[in-house]
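J.: Have a look at this one.
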């Protein structure tokens with residue numbers, strides 16, 4: 001639904017990476033959500049008055065909170081699209097994530113309220129009315145929410161938005177909860193057994209669970225999360241496709257919102273290449289990454305000696321020591337910084353997994369001690385890196 005309407009309301013609607021297009025999808029989702037959820041609230045509220053069903057009332061106010069969530073979504077995308085300023089040099093893109101988190105909190109609060117009122121209904125049960133009008137209202141609500149789920153999920157995939165994904169998950173949870181409300185009403189109508197409160201508790205806890213899962217998805221980019229393995233491999237393939245590049249490491253991706261990404265990485269180049277030629281090559285790679293990912297790319301150049309026998313010998317020693325400690329440990333960027341008859345100074349990085357059993361100091365001390373045993377002249381400048389995604 002959203003993607004269909006985008007054809008008429010969003011310019012260049014298929015250019016999903018463009019900030020203005022992303023904002024357009026978010027605003028369109030917010031407007032539709034406000035209109036449809038207020039409509040559903042009004043119809044279910046009337047149905048709740050007619051039936052006296054606490055589940056239907058709870059479902060109605062769930063839609064009212066959804067309307068508030070849609071307002072938050074609209075405001076979040078609107079503010080996230082604001083240009084960078086002196087106080088926010090990286091823009092306002094993370095406000096989209098904040099909006100998603102607020103939507104998740106609305107979902108959780110709604111679930112708590114539905115569960116609370118349902119417990120009261122179990123303690124003090126009341127008869128529930130049910131007729132064809134109420135059934136039609138609930139069925140229409142389910143169909144509308146299915147359309148909203150499909151529309152928001154499709155739009156979320158196209159513009160890579162966790163906020164719209166949260167809205168989509170909220171919609172599918174509404175489909176489930178309204179279906180449960182409909183089932184409990186039919187059951188009570190057919191059997192005379194009032195299970196409204198019990199179904200309402202179930203609905204409430206399901207809404208809380210949905211809000212919790214949604215909150216996790218929106219908190220992660222606020223705290224900072226690693227790039228996907230596919231993204232890392234794609235970036236490495238682009239860089240390695242250029243002649244003169246020997247390796248890639250230390251890829252860092254900083255996300256200041258879906259439309260504001262800053263990446264930095266180290267590339268290894270032969271140390272005997274002309275510095276101006278290498279600089280031009282690095283510029284070309286940065287531009288290619290910038291155009292593909294609509295990001296700011298910064299590349300650090302690491303010179304690598306290819307034919308120095310002393311350096312190759314030290315590499316062999318370090319590799320052997322790491323394999324003896326743990327074959328999972330790797331190293332890169334080894335350079336023989338200084339060498340004479342009295343001193344040999346090495347600089348290199350060791351890559352370790354996250355939550356590794358050995359501490360950084362344990363690894364450093366192991367290497368320093370054993371390298372000294374091999375050659376007392378050696379001193380090591382070791383940096384511990386964490387492995388890429």
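A Cβ is built for glycine as well, from the same backbone N, Cα and C atoms used for every other residue.
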J.: Looking at 186-208, 209-231, 232-254, I want to know which stretch TrEMBL calls transmembrane segment.
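T.: Feature transmembrane segment in TrEMBL: residues 186-208.
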J.: Which one of these stretches, 25-50, 51-76, shows up in TrEMBL as transmembrane segment?
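T.: From TrEMBL, the annotated transmembrane segment range turns out to be 25-50.
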J.: Which sequence positions outside the transmembrane segment (25-50), separated from its termini by at least 6 residues, show Cβ-Cβ distances below 8 Å to it?
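T.: Sequence-remote neighbours of the transmembrane segment (25-50) are 1-2, 5-6, 9-10, 16, 56-57, 59-61, 63-64, 66-67, 69-71, 73-78, 80, 96, 129, 131, 133-134, 137-138, 140-141, 144-145, 148, 151-152, 155, 158-159, 161, 163-164, 167.
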J.: Could you break down the residues of the domain 'Cation efflux protein cytoplasmic' (227-303) into DSSP helix, strand and coil, giving a count for each?
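T.: Helix, strand and coil residues of the domain 'Cation efflux protein cytoplasmic' (227-303) number 31 helix, 28 strand, 18 coil.
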